[in-house]
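Single-structure report; data block below.
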Amino acid sequence: MRRLPLALTAVGVVLMALVGCGVLPNGDPGGAAPAPSASPGLSGEIMVFAAASLTGTFTTLGETFEAANPGASITFSFGPSSGLATQITEGAPADVFASASQKNMDAVVDAGGADEPTVFAQNAMEIAVPADNPAHITALTDLARPAVKVALCQPDVPCGAVAASVFANAGITVSPITLEADAKATLTKVRLGEVDAGVVYVTDVLAAGDDVVGVAIPADVNAGTRYPIATLSASRSPELARSFVAYVMSAEGTSVLSAAGFLAP
Amino acid sequence: MARPAQKAPPTRPPGQRGARTRSIADVTGRTPWPLAAPAAVAVAFLLLPLVGLLLRAPWRGLPRILVESGALDALRLSLVTASAATVISVFFGVPLAWVLARARFPGRSLLRALVTLPLVLPPVVGGVALLFALGRRGFIGQHLDQWFGITLPFTTAGVIVAETFVAMPFLIVTVEGALRSADLGLDEAAATLGARPFTTFRRVTLPLIGPSLIAGAVLCWARALGEFGATITFAGNLPGVTQTMPLAVYQALERDPDAAVALSLVLLVVSIAVLALLRERWLHPGTSL
């Protein structure tokens, strides 16, 4: 038949398109190895897996760490902590894991992937609304109004679980119209004005600048999450990995984190 | 009734007639190794990941996991939205394919490139683009919202829109290719005998490209069924409303990899069943039309 090769070509096109959809950790260590530096600084390459809510701060910390240690190269993979934990236990080549919840760090520790995680920061929740606040949200209870379109993180990721406990503390029921994969995705829906409100971390609202406005959640019902960090047992550069963890916990690291809205542990 | 099979095109190799087919390898003896070796690597590369899925499958707990994870809701939603996207794609895509293949106007190549852009565009970008156009603040969507109270994002209709955007080009490309390689002489004969252009299209052209139309629709359906990026970006993720199977798999992976594998298996089985069924019915030489 004349038609068959055409169908096969089209199948090929489909396969090529599907290959393009893969979800890969971002970043590539790059081709050339870093030149040995004359200074006594550290050298080598490490891959840091960090919660999506740490994207801004850890990128900054990575740059300053690399500037202080010209021989060192740090690559980040940011994503939902639960997904990162799964990738690590499935053998992803990570050296450091910074999680947005104790639960996901425990999963890695239980699988023998890390020892002695340390809490380095805490984060509380805040309501994010578009800059013009179309639904006139002024308090947490407004989210329970039926006409208000609310985006939440899905319940399996830390920001979704913490938002659920905030609602439980306040004794309200919120019906979201979408459950997003992580805090950044939830914030994006607010930024674009597709929803009236989202519940994300204080740090996310701060990082979004003028696009969104934060509506505070009263401290007596607010909940938060603790961020543990650990060097992973499978690390091939454990010394460099430990130095980066120490740098995150240092006075310099703490000041970058608190400037972004994180609370001290 | 004109049928391509009765024309016996001169390109058909000798010995291949009707349903009786012989492969090239039969004719020439055997497959040359410079082709056989890379072909074997390709087969292994494409099938090994599926083997990995089967090895990790939680076979014993499968029914319980599928019931608990809400897989049936997601599967129903996936089948309904992918089928709706395919119907819409055929309704609008076939006429566009005809225009691209047969009509003569300046800028046709440019138009073809533009409408097939979603083939190469990352689906997430497609989803963001849809938000900017049809979202609540989009340049069309804001009027839909103000005038009619319609908001597409976060609705099942939004899922169908996202899937159609990504999948329709597959149908267009397939059908347009068939139209370009189809024998124009038959159309001309019909016109000579007094058939009006639309009658010619309906009675001559469509039957001619029938197998390719089905192939294109199947590709379109398969692409819509697997759609992830544009859907989660434009339509969001809510079980029973916008959470299709690929989104359910992604969410399950966060919580329970076993459930993700179980959901993937269901999607795999459904895809294979539907593709095999359609292939059996429509794409085998001698059984079609």
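Numbering starts at 1 and runs along the chain as it is shown here.
Each Cβ is built from the backbone N, Cα and C atoms, and glycine gets one as well.
If you look up TrEMBL, you'll see A:S53, A:S81, A:Y201 marked as molybdate binding site.
Note on A:Y201 (molybdate binding site): other Cβ atoms within 10 Å of its Cβ, all shown chains, come to 31. Cβ proximity to the molybdate site centre (mean Cβ of A:S53, A:S81, A:Y201, cutoff 8 Å) flags the following additional same-chain residues: A:A51, A:A52, A:L54, A:A100, A:N123, A:P158, A:C159, A:D182, A:A183, A:T203, A:D204, A:T225, A:Y227.
For the recorded site, A:S81 (molybdate binding site), the DSSP three-state label reads helix. Taking every pair among A:S53, A:S81, A:Y201, the residues listed as contacting molybdate, the largest Cα to Cα separation comes to 14 Å. DSSP gives A:S53 (molybdate binding site) a helix state. Classification of A:Y201 (molybdate binding site) by DSSP places it within a strand.
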